[in-house]
Structure formats: structure tokens, C-alpha cells
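Here's the structure we're looking at; comments come further down.
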Amino acid sequence: MASNYYSAQIKQCLEFGTRNQTRHLKTIHGHIIKTLPYPETILHNKIIHGYAKIRNPTYARRVFDEIPQPNLYSWNSLLMAYSQSGHHLSEMERTFKRLPERDGVSWNLLISGYSLSGLVGEAVRAYNTMMKDGSGDFLTRVTVMTMLKLCSDNGRVGLGKQVHGHVVRRGFESYLLVGSALMDMYAKVGFISDAKTVFYGLEDRNTVMYNSLMGGLLASGMVEDAKKLFQGMEKDSVSWTAMIKGLAQNGLEKEAIEYFREMKMEGLTMDQFTFGSVLPACGGLGAIEEGKKVHACVIRTNFQDNIYVGSALVDMYCKCKCIDYAKAVFDGMRQKNVVSWTAMVVGYGQSGRAEEAVKMFLEMERSGVQPDHYTLGQAISACANISSLEEGSQFHGKAVTSGFVHYVIVSNSLVTLYGKCGNIDDSTKLFNEMSFRDEVSWTAMVSAYAQFGRAIEAIDLFDRMVQHGLKPDGVTLTGVISACSRAGLVEKGQRYFELMTNEYGILPSNGHYSCMIDLFSRSGRLEEAMSFINRMPFPPDAIGWITLLSACRNKGNLEIGKQAAESLIELDPHHPAGYTLLLSIYASKGEWDCVAQLRREMRERKVRKEPGQSWIKWKGKLHSFSADDESSPYLDQIYAKLEELNQKIIDDGYKPDTSFVQHDVEEAVKIKMLNYHSERLAIAFGLIFVPSGLPIRVGKNLRVCVDCHIATKHISRVTGREIIVRDAVRFHRFKDGTCSCGDFW
């Protein structure tokens, strides 16, 4: 009688899931010890089974050791305790070997233990041994379903077919749960035809099976088939959620949102998976209003504190370019994981707020959340976007120590980082060390070579990329055409432009047309540039006209320059480039009346010339300079250094080119104005403070002028220093009196 009472108590404890099952079960166990000095084996077995269920193998073993003569159920219960714990594999194996006899339950527990611990190979070996030793006599439906799930989770379709054969031989295919597991396995590994065969071969089908097949169809891109199945089935919340997720993943975001609306109208329950499926659809479309409506549903259904939904909301707002909304949701999340932190890092980076992206990454680390390879790659990309070599190099160190450097997204980001920061040699070294390269890898390197004026390497790399069977995209073509432009290879650049549409099916963008304008203009073929513009399917944007106008200034072509300036001013009357570049052309021709007239027009239209600024980062601090700024505490040292440099470069053969100075003043005043351009101030600072073994790295917001370009060549020779200048267009690497851009800068 007492045994029955305690058995009922144990059953109730396990079935109703009391708040503290362990304490409750131990209490029952204590009463048994006090009241029953010699419990029956069947009661001992129930206690062991109870401890196994709550994953307490230590107490299960203690009870087992008290049984005078354990039976097979006792052994299997102990085996279950070790199998389900996930941390006692050696004890599980020892127990299995000690079993006086084995049945299908014993084998299933061993296989399940391996499977739960992710030891796929061990699980498969155990299954094959069972089939060999028992000739299939031990095979149970539970074992079959365990193996099919293992095949499904690990893409082991060959093994799955083998198990399917065993199912047929044992006559298990008519059981609904086995059929469901078979169909689910085939659907998840993409064998849709086999999944359909199993599905339609069953007399009874439940909603779970319909959902599994529908998910497989959607995952395989068979959207119309999935829709037909959906229309004819009895639907639940899982069905609707699967359709929303599948449509979004197939690029049908609008339809995904429509299905969400219909699901809402049906009054069905929405959970974290529903919201996590529709929010990416809103983000993919940039549908902020729809996203806000989903956010309202999240709040009404009290899912705002769900970490999965919160992360999806952050990601949606970031993709809709509402970064401040994303940050508000992020700050309100009680719990944050690597997904939510990564969403913010990516959001800031893609919104042009790279410095905040880097800060967010560092804050993530301080919070104790470990970044994954994707997060680290995004942080490095953010450093690349702001040319932050110092922090980017630190992240490179993290990539090496964590092992993430071998992930292609991290390697690509590092190649881009060093390319954008002017470390072309490091960029090349990393690229060559990559064991696997995708289209992004090749494109990053082609672009880096192009930016650095190494046109032959860029072109050679592009050709090798194509030979490897990889298809270039629009960014790759921009890089290789730019490389041709900077090397004066006009015909080769034209050929790549033609290949863009004829070979690769890429529709040229404004950026590609601007590259072609630059290709002709940089080589002095200004009439051909105008002819190309006249053949374009749409007028050039501001960059295109500025490109042509800059070339007209450098080549002294007033006629085409005026046409380009007028077109730019008509396109954007307040863009300063049209006025300032035309001013330079007038000044170079000595047409000071035209200069004065143009300046009056600028004042009337309230157009202000963008002041030239240059900067250099040293010891974690950014030092910024402009020609009329006297705020630097090192100004006296800088001016003294410039005086010393000017004399040295004059002795080296430097002759100031004052033709583009936009003021009608004495020649000596013009020379003095050139001497104190912002990039020269920054270079002088670097010569004073940056140790001789390191290159001097200068950034500039405008394009380097002709005279400063010539002067910096001489400075690099007389000082023996490597000077890298990143202006608004490209990199210039000055060394031993030469520049990486050659004669086509």
C-alpha cells in the first residue's frame, strides 16, 4: 500500500512539474527511507527514473546501488540518468557495457546520449552496431525517430535513407510519428520529392506534417507549391509563421507582411517566432510604418522583453535607417545577446556612424558578451570606413587570438581596412594568406590596388578573379575601371565598361559613368569625355561634372570647363565645387574680372567654399589643421619646420606652381599661401612627432592641389620619409621623390 502511495507521489511530482522538482523528489525519497526499510525493486526503479527525469544522475546512482538485485528496468533507468544529463558520457558508456542484458530501450538511450552531446559519429556507430548485433531486433520507433532527427539536424541524407530502409523492413512506415519524422528529415535536407512521397503515402496526416512539408518547400524555393499546400490545409499559428518566414527568406517581403496582416485578422496567437519572421521582412523593404505597426503588436502582446523579438526590432529599425529608434529599443531591453549587440554595431556602421559602431563593439565586450566572427568583422569594417588604423589593428589582434581571422568575413574586412588606411602591403599579405576567397575578397583587393594607383596589379587581379570562375559585381568593375583611369589605359577601361553589360549583365550606375568620365578626362581627352556624356542615358550627377571640371582645371581648358561648371551649377546651385573649380581656371588664365564676377555670384547665392582641412592621428588623438587656423599649440614648431623644408625642397629643384591661386596678389604672397596649405601643416607635424621608422599618414577633405603634390614629392626625397596622403579621391604614397599615382593623379 505504501509503495503505491509513494509511486503516485513520484508520478505527480514529475507530471505536474512542481516549481522545485528536485527538492520535492528528495522529500518523497526521504519519507521512503524513514518508513520503508526495504523498499521493493519496483519502487527503487521509480525513484531512479524520477532522478533521471530531473537530470540528477548522482542521486540516481545512489539509489541504484541500494538495490540488491537490479533488473533491466533498473539498469535502463540509470542509463537514462547518464544519457539525458549530457555531461556523464563516460559513466553512460561504462553502464551500458555492464548491462547483463540489453533491449531496444538500452540501445536507444545510448544513441540518444551521443546525439544529445553532439557526437554524431559515435551515435551512428552505436546504431550500426545495434543493427549488426541484433539484426534489427532491437530497433524501436523511438530509436528510428532519434536517428532521423540526427540525420535531419546534420544533413546526413545517406544515413537517413539507410534508416528509411530499416523502417520499411520493420513495418514502421505506417506509424504517424515515424512517417512524420521521415518526411521532416527529407524536407529539411532538401529532398522534397522524397518528402512528398512519404507525405502522400500516409493515410493519416496531422498539421505538424503539413507544416514540415510546407517549410521544406519554402526552403527549396518552391513558393507556389507551398502556397497551394497552405491553402488546402488546416492552419495553426505555426503554419502562418512558417509562411511568413519562408516568403521573407525568398525575397517576397511584401507578401510576408500581407500574410502577417491576414494572420492578425484571423485572431491567431502570435509568438516570438512570428514577430521574428515578419520584422526582417519590414527591414528588408525599409517599410518603417509597417515595422512600427508590428512593434505596436509586440507591445500589446507583451513580447517586448523577449530577447529574440527585441533583437529583431533593433535590426528592423537599423535597416530602415532609424538608428535612434533602434538604440531606444536596445536600451530598453532587459537582456541582450550577441545578436542584439551585433545589430547595433551593424546599424551604426551602415548608417555612416562608424565611430559609434566601434564604441558599441567595445561596450559589448565590457558588458561581458563575447562577439562572434560576424560582429568582429563588422567592427573592423567600421574602422575601415573611418580609416582608423590604430583601432583596426587592435581588432586584428583579437581576430588572431580568437581564431576568427580564418573566417572569410573577418579576412575580407581586414583586407578592406588596410587598403582604406593605405597599408597596401599588409592588405596584399592578408589576401595572399587567405585559404578561401569569395567575390568580396577579390573586389576588396582590386579596389585597394586601384585606390593606391597600382593599376597593373588591379587589372591582373581582376583577370585572375574571372579566371577562377567568380563573377565580378558593380563594385569590382568600378575598381578596375578606376585603375585603368589612373594608369591612363583608356582603351582597356572602355573594354571593361563594355563587358559590364555584355558579359556580366550589370546595368551601369552613376558611379560607373563617373569612372568613365574620369577615364577620358584624366588622360586629357576632354572632348571624348563630353562626347561620352552626350551619349549617356541620363545626365551626369554632381560627381560626374566635378570630375570633368577638375580635369579642365588641371588641363587649363576654359571652354569645356565653363560648360561643366554651368551644368553643375544648374544641377545644384549651392554646390561650391562648380564655382571654386571655375575660379581656379579663371585664375590660371589671369581673368581676374571673371574671378571677381564669380565671387559676387557666390555671395549673392550664399555659396561658401568648403575650407581645406587636413588631419593626422598621433597617440590616439586627432590633430586637425587648416590654412587659417592658428589654434594648434605646436604652430611655432610647425612653421619653423616648414621654413626649413621649403629651403630644402627649393634646393632639390622645387618650383612653386601658383597658377591656381585664386587671388590677384603678388607672386611672393601666392607662394606664401601655398606654403601653408593644410596638408603641409599636417606633414610638418608628422615630421616633428612621428618617429622616423613609421610612415606619416595624412587625411584631407579636398583633393590635393597640383603644387602640394609636387612639393610633397620633394619633401619625401629630402627627408627620406614615406608620406601617405588620403585625399577626397584616392591615396597618394610619396616615397623617394615619387608618388604611387604616377603622372595620372
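Positions of Cβ are set from backbone N, Cα and C atoms, glycine also.
Copied from TrEMBL, the annotated features are:
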- 71-102: repeat 'PPR' (REPEAT)
- 103-137: repeat 'PPR' (REPEAT)
- 236-270: repeat 'PPR' (REPEAT)
- 337-371: repeat 'PPR' (REPEAT)
- 438-472: repeat 'PPR' (REPEAT)
- 653-745: domain 'DYW' (DOMAIN)
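Within the chain, the repeat 'PPR' (71-102) has long-range Cβ neighbours (under 8 A, six or more residues past its boundaries) at 41, 44-45, 48-49, 51-53, 55-57, 60-61, 64, 109-110, 112-114, 116-117, 119, 138. DSSP labels the residues of the repeat 'PPR' (438-472) in these numbers: 26 helix, 0 strand, 9 coil. Mean model confidence of the repeat 'PPR' (71-102) amounts to 82 (pLDDT, 0 to 100 scale). For the repeat 'PPR' (438-472), same-chain residues at least 6 beyond its ends with a Cβ under 8 Å from one of its own Cβ atoms are 408, 411-412, 415-416, 418-420, 422, 424, 427-428, 431, 478-480, 482-484, 486-487, 489, 492, 496, 504, 730-733, 739-742, 744-745. Here the repeat 'PPR' (71-102) is broken down by DSSP into helix, strand and coil counts: 24 helix, 0 strand, 8 coil. Under DSSP, residues within the repeat 'PPR' (236-270) fall into helix, strand and coil as 26 helix, 0 strand, 9 coil.
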